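Student: Straight out of TrEMBL:
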TRANSMEM  45-67  transmembrane segment
DOMAIN    50-387  domain 'ABC-2 type transporter transmembrane'
TRANSMEM  193-215  transmembrane segment
TRANSMEM  246-272  transmembrane segment
TRANSMEM  284-307  transmembrane segment
TRANSMEM  319-337  transmembrane segment
TRANSMEM  367-387  transmembrane segment
Amino acid sequence: MTDNLSEKAPASVIRAKASNKQLLQQTWIIILKELRDALRDRRSIAAGMIYAMITPIASSLIFMLMISNLSQQKTIEIEIQGQKYAQDLVRQLSATGIVHQQDPEKRLAITLQISEEFPQSMAEGLPAEVTLITNRSEQTLQQPFNQIKQQIDQYSAEIASLRLIARGINPQVSRPIQVNVQDMATRESRAGVILGGILLAITLSLFISGLNVAIDTSAGERERNSLALLLCQPVKPAQIIAAKTAVVSIFSMLGLILTVIVAMICFSYVPWHELGFTLNLTSSTGLFIVLIGIPIAFLATSMQLFFSFFAKSFKEAQSYMTIILFLPMALIMASSFDVMPEVLRWLPLSGQQQAITQVIKGQALPWLQIILTSILTLFTAFCFSAATSRFLKSEKVVFGL
């Protein structure tokens, strides 16, 4: 009897191996079929890849324009009433680019009124009044208004110091506390401040690049009645979902790789040094972003397939995609604004975003955070895929009833 058991055990192992090999072969055949079907619709693929290319290019152009505007000192043209009463103040304002403009069409909607009592108040050592008139609700007037007020406050502080000196008093008595700020941030760590929007665009490329393929391979196949034919084959629904997830994830990763490559090229032309920091997307950093994006690609794909099969039509599936795109935006935006940072660092998407930020800042790799968030991301993706495979066992889902 012992001999019979020893003979049956190897046979069962062989049958199990043969069954697993057959499952892998069937899944591979479905992957090739889905990949061939996806490549037929080149316009949908191109639409996702165009986003991956345009986003870093547009971001670079925006940063270059912003740096150019900051580096150029613009003249602020306003109306100054009563210039003759405070010529010294007017000269100091002119030295900082704040000048009087007579033409109402060329000047900003800001008026500086200098009262007639200004010279007398200055001579008597009393507060001399000036009035700034503007519309604080106008967003375009906020920066010039603050700049004008800052220059007037600076002039007021200088006059106050001169008054104290004239009375034989050290001006430093008016400053009992002097705050010295020591910024320990490196040039690389300062780049992390401006990196939130860039990382959001990189993460969204994973969701958008394979979006059209995900909808077409699920809701699209159902409307073409090819999904029912596929389910008639001797394969399990889990194999079909695994194959579809793999194919859509391939296009998501292609979009991410394209985004990273274009960003590495475009960002090298942005004069970051004029903002006081450096942003170098090296090849090692790019490789790290690609590797850490693999679990996110599976999560994005599994969510897209889940909602696409849940929808009853192609158009309804497209509307559900807006919900999916809102999720990464909400998590990454919350992480950028330090909303519950200790909680978000362990969640999918936001945890990876924080890890990428630390790497670009030149800090040590948070291995525990990377491993745990990747495991949680893959587990969430597996749950969505398992739920989707159960959908395919329902006739209502297969036929969109």
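Using N, Cα and C of the backbone, Cβ positions are placed for all residues, glycine too.
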Student: Which one of these stretches, 45-67, 193-215, 284-307, 319-337, 367-387, has the most C-beta pairs shorter than 8 Å to the transmembrane segment (246-272)?
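Tutor: The stretch with the most close Cβ contacts to the transmembrane segment (246-272) is 45-67.
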Student: Report, as numbers and ranges, which residues of the same chain sit near the transmembrane segment (367-387): CB under 8 Å and 6 or more residues beyond its ends.
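Tutor: 238, 241-242, 245, 292, 295-296, 298-299, 301-303, 305-306, 345-349, 351-352, 354-355.
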Student: Under a Cβ pair cut-off of under 8 Å, which of the recorded stretches 45-67, 193-215, 284-307 contacts the transmembrane segment (319-337) most often?
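Tutor: The stretch with the most close Cβ contacts to the transmembrane segment (319-337) is 193-215.
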Student: Should anything in the same chain at least six residues away from the transmembrane segment (284-307) have a Cβ under 8 Å from its Cβ atoms, list it; otherwise answer none.
Tutor: 202-203, 206-207, 210-211, 214-215, 217-218, 241, 244-245, 248-249, 252-253, 256-257, 260-261, 264, 317, 320-321, 323-324, 327-328, 348-349, 352, 355-356, 359-360, 370, 373-374, 377-378, 380-382, 384-385, 387-388, 391
